[in-house]
């Protein structure tokens with residue numbers, strides 16, 4: 001938590017952007033905590049509220065797009081080769097692909113709010129070759145809502161705390 005605060009204090013919007021891109025791709029970065037801190041900093045006028053939402057949105061969406069592309073280009077061969085080590089055998093992959101075809105776009109929106117799920121929905125969307133325009137549209141809706149909610153929570157905490 002202190003490291004997140006220090007990075008934001010030292011590098012501002014660049015730190016927010018990079019932490020979200022890398023966190024969405026899969027590095028262990030506490031995204032929700034980070035955005036709540038960002039929201040708090042918007043209350044204390046260290047950061048601008050609207051710009052923080054915009055930068056967070058762009059970082060989250062870029063991270064989702066990178067993950068989608070990795071899933072689309074390398075996902076299926078990687079799963080075929082190494083999936084058995086993490087419980088993703090052919091039968092389970094077929095279930096996942098069927099589920100993603102049916103609920104995939106909506107899982108992108110809901111998945112943002114479930115830690116761990118947002119990280120895999122993007123890869124599985126790419127593996128399942130979801131249409132890129134559909135993917136970007138639903139990922140963008142989810143990214144905006146997710147960033148807005150957590151940054152606003154942090155801002156409200158700042159207002160209540162004072």
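All residue numbers here begin at 1 and follow the chain in the order shown.
Cβ coordinates are placed from backbone N, Cα and C, and glycine is handled just like the others.
These features come from Swiss-Prot:
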TRANSMEM  7-27  transmembrane segment
TRANSMEM  51-71  transmembrane segment
TRANSMEM  134-154  transmembrane segment
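Same-chain residues lying 6 or more positions outside the transmembrane segment (7-27) and placing a CB less than 8 Å from one of its CB atoms are 34-35, 37-38, 41, 46-47, 51-52, 55-56, 58-60, 62-64, 66-67, 70, 118-119, 122. Remote same-chain residues near the transmembrane segment (51-71) are listed as 13, 16-26, 31, 35, 38-39, 41-42, 108, 112, 118-119, 122-127, 130, 132, 135-136, 139-140, 143-144, 146-148, 151 (criterion: CB distance under 8 Å, separation of at least six residues from the stretch ends).
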